[in-house]
Amino acid sequence: MKERIHEYCHRLHLPVMAERWSAMAEYASTHNISYSEFLFRLLEAEIVEKQARSIQTLIKLSKLPYRKTIDTFDFTAQPSVDERRIRELLTLSFIDRKENILFLGPPGIGKTHLAISIGMEAIARGYKTYFITAHDLVNQLRRADQEGKLEKKLRVFVKPTVLIIDEMGYLKLDPNSAHYLFQVIARRYEHAPIILTSNKSFGEWGEIVGDSVLATAMLDRLLHHSIIFNLKGESYRLREKRLQEEKQKDQ
């Protein structure tokens with residue numbers, strides 16, 4: 001009987017139940033646990049494990065460069081960031097409203113950290129999330145276009161519930177390359193949100209993409225439904241270096 005139960009659990013793709021049912025049945029017997037409670041605990045263990053595996057899969061597929069949470073963000077070092085507004089984003093209501101989130105500001109002040117934190121929360125809630133830099137995005141689409149696979153590659157960036165585009169503006173894009181980015185923005189417009197980080201102001205986007213008309217078209221779609229954060233302050237890395245140098249002087 002035990003072998004058959006084990007076999008049936010695997011055939012039904014219930015590996016946790018296959019592994020734990022015998023021990024849990026013995027525990028239920030010795031602790032006077034009802035049949036329904038026993039079954040509930042088995043099913044609960046299976047669901048918890050499935051959810052954990054699902055989240056790990058989503059993290060792997062997201063291409064996030066590292067894991068960050070909002071709890072590790074130093075709001076005291078970045079007073080320009082409204083913690084209340086950031087934590088409101090963690091409710092993920094922006095997903096239902098199809099609102100984009102834009103983090104603007106100089107390098108090293110936590111834009112990517114904040115974007116990844118929101119992405120991690122989306123993954124924890126079961127939403128497909130994808131991370132890529134603006135430069136890598138256009139390069140991948142250009143290569144796919146040359147290989148006759150543009151539509152297939154576009155779906156990689158259009159399909160996820162949340163798309164994080166990092167480092168917009170760190171490297172200039174030629175107009176042809178920028179057009180690929182525009183296609184992604186246009187296809188996600190009013191369908192699914194983009195979280196974007198940039199070290200450039202909106203007024204500089206024409207220079208970034210080499211085409212002011214194209215830049216205006218991008219911004220028109222990004223900003224129509226959006227939440228914007230303008231971060232200011234000293235770079236974390238420069239701040240740590242300065243504090244370290246000051247500490248060494250005091251010694």
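Backbone N, Cα and C define each Cβ position, glycine as well.
As recorded in Swiss-Prot:
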BINDING   Gly105, Pro106, Pro107, Gly108, Ile109, Gly110, Lys111, Thr112  ATP binding site
- Note on the structure: Long-range Cβ list for Pro107 (ATP binding site), cut-off under 8 Å, min separation 6+ in sequence, same chain only, gives Tyr170, Asn199, Ser235
- Message: According to DSSP, does Lys111 (ATP binding site) sit in a helix, a strand, or coil?
- Response: helix
- What number of additional C-beta atoms lies within 10 angstroms of the C-beta atom of Lys111 (ATP binding site)? 25
